[in-house]
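Engineer: Heads up, here are the entries from TrEMBL:
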{"type": "BINDING", "residues": "Arg233, 258-259, 272-276, 289-296, Asn310", "note": "FAD binding site"}
{"type": "DOMAIN", "residues": "9-215", "note": "domain 'Electron transfer flavoprotein alpha/beta-subunit N-terminal'"}
Amino acid sequence: MGLEEYKGVFVYAQQVDNEISSISYELIGKGKELAADLGTEVTAVLLGSNVKGLADQLGEHGADKVIVVDDKALETYRTEPYAEALSAVINEYKPEIMLVGATAIGRDLGPTVSARVKTGLTADCTKLEIGDFPINPMPGKEQKHNQLLMTRPAFGGNTIATIACPDNRPQMATVRPGVMQALPKEAGRKAEVIEFNPELKESKRWVEILKVVKAVGHVENIMDAKILVSGGRGVGSEEGFKDLRELADVLGGMVSCSRAVVENGWLAQDYQVGQTGKTVRPNVYFAIGISGAIQHTAGMEDSDLIIAINKDEDAPIFDVADYGIVGDLHKIVPALTAALKEELAK
């Protein structure tokens, strides 16, 4: 079968405990953009047990069709049955593009499926678009049109790579959560629901789940924060984040950081913003002691309001900031916190 026989943009609609994960809606949103460029539709692939009732939610968020694989073997995520089910869907319906969230599940499922359907996969993408490949014409090499151009950080986030899969289908990518934007919910919008049975059979290869233990402890999710107070190398030490935490507390926000902070062991990676961390879109983002390298700004430049504090007036962070303060953060942050406390007390 030729590549021209592969049609449509497919999205893996991840659900956990019969609740659709937010990344699924984000992928549908991006899928609609890609599908518009290709003149095709978006199909969500929903795997699980007793999950057919979730199809309406996917339709309300933009899916044109929902393929449901409902099987007791898919009640809890396991690599083998999920990979078998998704591979069967791809082999049957032959999508041109297959998108999977770069979650713990997606990072396991995506590569496994791509190997089984004999195609490539670009992992942890931060940008997807339809275009020509090679991007710039090259002597002696055919330039193919309407290709999925998949952009991701490379070499530890020190550069950006744009990758295509011109000779195989589907074109597969895992996409970092928080990077793409979900469409507004359209109540009552319906998607065509297709039930598909890949005839899964228990196999000795399958892992048996004996017990599920929920994680103990609480880690704040910076992707949910409306206000982020983010610190970089310029904060100077783990102790230096005390002032940033006080500012965040006054504002009802959370603390986050740059990659340099994580590498120095001052904060855990859960709090890192940037290409090798998380992509955030808060209402207000304070960039304190952060130089503003592209590896960081790629993860926060879509914030509604960016306020930068840095002693270096030539720091690149001021190029993306709405407001900038040049000076010693160790003096400015406590003074700002005190002023806010006084104002809020009135």
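Numbers here mean position along the shown chain, with the first residue as 1.
Cβ from N, Cα, C; glycine included.
TrEMBL entries are annotated by machine, without manual review.
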Engineer: Within 10 angstroms of the C-beta of Ala293 (FAD binding site), what count of other C-beta atoms is obtained when all protein chains are considered?
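Structural biologist: Ala293 (FAD binding site) is surrounded by 19 other Cβ atoms within 10 Å.
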Engineer: Please average pLDDT over the domain 'Electron transfer flavoprotein alpha/beta-subunit N-terminal' (9-215) for the predicted structure.
Structural biologist: 91
Engineer: Near Gln272 (FAD binding site), which residues of its chain come within a Cβ-Cβ distance under 8 Å, counting only those 6 or more away in sequence?
Structural biologist: Ser256, Cys257, Ser258, Arg259, Val261, Val262, Lys278
Engineer: Could you check the binding-site residues Arg233, His296 and say which one's CB has the fewest neighbouring CB atoms inside 10 Å?
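Structural biologist: Fewest other Cβ atoms within 10 Å, among the binding-site residues Arg233, His296, is found for Arg233.
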Engineer: Helix, strand or coil by DSSP: which one applies to Arg233 (FAD binding site)?
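Structural biologist: In the DSSP reduction, Arg233 (FAD binding site) maps to helix.
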Engineer: Please report the number of other Cβ atoms within 10 Å of the Cβ of Ile290 (FAD binding site).
Structural biologist: 30
Engineer: Once the DSSP letters are reduced so that anything not helix or strand counts as coil, what is His296 (FAD binding site)?
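Structural biologist: It is helical.
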Engineer: Around Gln275 (FAD binding site), how many other C-beta atoms are within 10 angstroms of its C-beta?
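Structural biologist: Gln275 (FAD binding site): 26 neighbouring Cβ atoms within 10 Å.
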Engineer: Under DSSP, is Gln275 (FAD binding site) part of a helix or a strand, or is it coil?
Structural biologist: coil
